[in-house]
Amino acid sequence: MTVRINPSILSADFVNLHDDIETIASADLVHVDVMDNHFVPNLTFGPQMVGRIQDVSPIPLDVHLMIDDPDRWAPGYAELGAYSVTFHAEAAADAVGLARRLRQIGSRAGIALKPGTPVEPYLDLLAEFDQVLVMTVEPGFGGQSFMPETMPKLRLLREAVVRTGLDVWLQVDGGITESTIAFAAESGADTFVAGSSVFSSPDRAAQIDALRSAALAHTH
Ligand SMILES: O=C(CO)[C@@H](O)[C@H](O)COP(=O)(O)O
Ligand SMILES: [Fe+2]
């Protein structure tokens, strides 16, 4: 199975973002957390900043929208050229319609679930999405602890992906370290977002390698 490591620039130095993005060039995608201070109690940046990141990044963008009204705003991120655009199930009025628009524009479409959001309603809709993001912390901040109680959702998703043969990436985000990544990989994740564990490391390329090896050792 292919494993992807997506460092989250929420833990990067926003004043030296370009340099920090260069330090993670060996990763698969750069994870870009957009927060609006309404859907989550934190604020990051919007399309203007994401457009500049898109201009300079050596690797494709994995945009995670923690915003209200993604039906209105998410297509704009796809139009900027983001490789994937993931919106929250709890915020979308028409998740399937929005995913179809994102794909039509040319991005991969992702749906994200907060820790308390059940996965069952989405299991029969997997064909509509390119990735499902299982949040392993409450969205809003980096540096929180991984919530193992979210793992049953991944197991159900992996079973559904195997059963249907669909190429849907299963992503985890929050508290991913060299130890928690093993549990997430065993539970069925193949795409791992890591913020503080990458950016707090003095050697980010080595940390990306270490995460990748730990995940590979625990994938089925
Ligand atoms: O979406 C989010 C937080 O809401 C994440 O992408 C964080 O940036 C992950 O940070 P760590 O938990 O890995 O420090
Ligand atoms: Fe994120």
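Cβ coordinates are placed from backbone N, Cα and C, and glycine is handled just like the others.
For the divalent metal cation site, TrEMBL lists His31, Asp33, Asp173; matching the candidates His18, His64 against that entry yields His64. Straight-line distance linking the Cα atoms of Gly140 (substrate binding site) and Asp33 (divalent metal cation binding site), rounded to a whole number, equals 9 Å.
The divalent metal cation site is set by His31, Asp33, His64, Asp173; from the centre of their CB atoms, other residues of the chain with a CB within 8 Å are Asn6, Ser8, Leu10, Val32, Asp62, Val63, Thr86, Leu133, Val193, Gly195. Note: the Cα of His31 (divalent metal cation binding site) and the Cα of Gly175 (substrate binding site) are spaced 14 Å from each other. Contacts of Asp33 (divalent metal cation binding site) defined by a Cβ separation under 8 A and a same-chain sequence distance of 6+ are given as Ser8, Ile9, Leu10, Thr44, His64, Met66, in order along the sequence.
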